[in-house]
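> Quick one: structure below, then a few questions.
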Amino acid sequence: MKKKLILVLNCGSSSVKFSIIDVIEGVLYISGIANTINNVSFLKIYDIKKKIKIVKKNISTDSYKKLILLICDLLFIHFNKYLKLIIGIGHRIVHGGKDIKKSMIINKKILLKIKKSAIFAPLHNPYHLIAIKIILNKFVKLKNRNVAVFDTSFHQTMPKKSFLYGIPYSFYKKYSIRKYGAHGINHFYITHECSLFLKKSTNNLNIISCHLGSGSSITAIVNGKSIDTSMGLTPLEGLVMGTRCGDIDPYIIIYMIKKLNFSITQIQKILTKSSGVLGISSITSDFRELEKKYYSHKKAKLAIDIFCRRVSKYIAGYSSLMPKGKLDAIVFTGGIGENSSFIRKKIIKNLSIIGFFLDIEKNLIKTGNNNRFIHTINSKPILVIPADENKIIAKETYNILIKNNF
């Protein structure tokens with residue numbers, strides 16, 4: 001049977017991740033990443049099947065466009081045999097606005113909606129658009145086989161009592177100001193993976209999914225659907241993150257303008273790039289480094305304590321949204337959620353009140369196929385499930401192409 005490969009692109013302002021996946025067999029062929037954009041420090045492409053690695057270090061590019069073009073050129077030069085088997089291209093899109101509720105074939109109308117929503121995802125949507133336009137020109141035969149998979153789609157099931165803010169209703173009606181959420185692709189994936197591990201249908205599954213990384217969000221999922229999530233109009237709301245502030249008193253912004261004479265541009269940069277655990281610790285946004293300094297650096301300890309406290313508060317709060325108090329599991333995912341036993345321990349320590357207890361030994365074992373559960377025998381389930389957004393994007397892309405008779 002002819003292989004059906006999907007090229008997946010995940011573009012942000014500071015990194016580009018890409019992969020080629022056999023959507024039928026679920027096999028990863030190519031995995032690549034470029035970190036930072038201006039003066040890119042490295043670009044790595046791995047051929048998983050043949051165990052070949054291409055590394056470009058100290059690459060100097062003066063534009064995002066040139067970086068995407070470089071990635072395309074390297075793929076065509078070294079991996080053209082795989083490109084010939086590609087049947088579609090999936091693009092992760094962070095924000096789709098209020099109207100988009102599912103993955104869509106990319107056309108002029110969809111591009112316009114992505115552009116319109118860029119105000120809510122300035123670190124992502126503009127870069128998605130640059131990449132899409134280049135891909136459409138480079139892969140001409142697949143021009144009608146590009147699919148946008150939206151992070152916000154999974155959260156479109158939230159009720160108004162979850163997504164509306166306590167501001168005049170007219171702001172929602174006139175300007176679409178409401179909670180949209182993020183990380184929906186992975187929260188969707190976690191929902192389906194968790195249903196397999198718990199041997200329950202997604203329609204009967206009630207969980208709290210904790211995507212913890214440099215950007216973090218928590219989602220309350222009832223009967224397999226998102227009913228509330230910590231990120232809001234933008235990915236700035238919610239948990240304290242690597243460099244993002246999370247929930248703050250809105251008057252802080254007014255104070256910064258009126259009393260401290262900060263400009264809107266300065267405030268945006270502070271809240272998105274200089275806050276979070278970086279701002280609190282004054283040393284780094286890297287949670288691994290903060291963990292190492294936890295017992296020797298007061299502000300490193302403070303940053304982690306504040307992060308974990310906020311996560312615990314959200315989990316406890318979302319547990320109250322479960323029908324008849326029935327919460328099937330807490331799931332940890334994302335770079336921190338998957339890899340930091342230390343942070344998981346600190347978070348769960350505060351949740352015995354809602355029936356969750358950590359098995360210390362299981363928590364320390366590196367997550368594998370046989371080690372997803374990290375709770376004690378008298379606890380409700382606690383799982384660790386590695387994120388795999390690319391797998392979902394590839395499947396969604398394939399499904400949309402099939403539905404549209406491609």
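From the backbone N, Cα and C atoms, a Cβ is placed for every residue, glycine too.
Pasting the feature list from Swiss-Prot:
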{"type": "ACT_SITE", "residues": "Asp151", "note": "active site, proton donor/acceptor"}
{"type": "BINDING", "residues": "Asn10, Glu389", "note": "Mg(2+) binding site"}
{"type": "BINDING", "residues": "Lys17, His211, Leu212, Gly213, Ser214, Gly215, Asp286, Phe287, Arg288, Gly335, Ile336, Gly337, Glu338, Asn339", "note": "ATP binding site"}
{"type": "BINDING", "residues": "Arg92", "note": "substrate binding site"}
{"type": "SITE", "residues": "His183", "note": "site 'Transition state stabilizer'"}
{"type": "SITE", "residues": "Arg244", "note": "site 'Transition state stabilizer'"}
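Let's see these features in context: how buried, what's close, how far.
When Cβ atoms from all protein chains are considered, those within 10 Å of Asp151 (active site, proton donor/acceptor) total 26, not counting its own.
In this structure, Asn10 (Mg(2+) binding site) is part of a beta strand by DSSP. Residues near Asn10 (Mg(2+) binding site) in space but far in sequence (CB under 8 A, at least 6 apart, same chain), listed by position: Val16, Lys17, Phe18, Arg92, Glu389, Asn390, Ile393.
DSSP assigns Ile336 (ATP binding site) to a helix in the three-state reduction. The local packing around Ile336 (ATP binding site), expressed as other Cβ atoms within 10 Å of its Cβ over all shown chains, amounts to 23.
Of all Cβ atoms in the protein chains displayed, 23 besides its own lie within 10 Å of the Cβ of Arg92 (substrate binding site). Secondary structure from DSSP puts Arg92 (substrate binding site) in a beta strand.
If you take the C-beta of His183 (site 'Transition state stabilizer') and look for same-chain residues 6 or more apart in sequence within under 8 angstroms, you find Asp151, His211, Gly215, Ser217, Thr219, Met231, Gly334.
Annotation for Arg244 (site 'Transition state stabilizer'): same-chain Cβ neighbours under 8 Å, separated by at least 6 residues, are Gly215, Pro235, Leu236, Leu271, Thr272, Ser275, Gly276.
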> Determine the most Cβ-crowded residue among the binding-site residues Lys17, Arg288, using a 10 Å radius around each Cβ and all protein chains in the structure.
Lys17
> Using CB atoms and a 10 A radius, I'd like the single residue among the binding-site residues Asp286, Glu389 with the highest neighbour count.
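That would be Glu389, with the most Cβ atoms nearby.
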> Between the two most separated Cα atoms in Lys17, His211, Leu212, Gly213, Ser214, Gly215, Asp286, Phe287, Arg288, Gly335, Ile336, Gly337, Glu338, Asn339, the residues recorded as binding ATP, what distance in Å do you get?
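This binding site's residues have a maximal Cα-Cα distance of 21 Å.
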> Given a separation of at least six residues and a C-beta threshold under 8 Å, show me what packs close to Leu212 (ATP binding site) in the same chain.
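Counting only residues 6 or more apart in sequence, the Cβ neighbours of Leu212 (ATP binding site) under 8 Å are Leu239, Val311, Phe332, Thr333, Gly334, Gly335, Ile336, Gly337, Ser340, Ile343.
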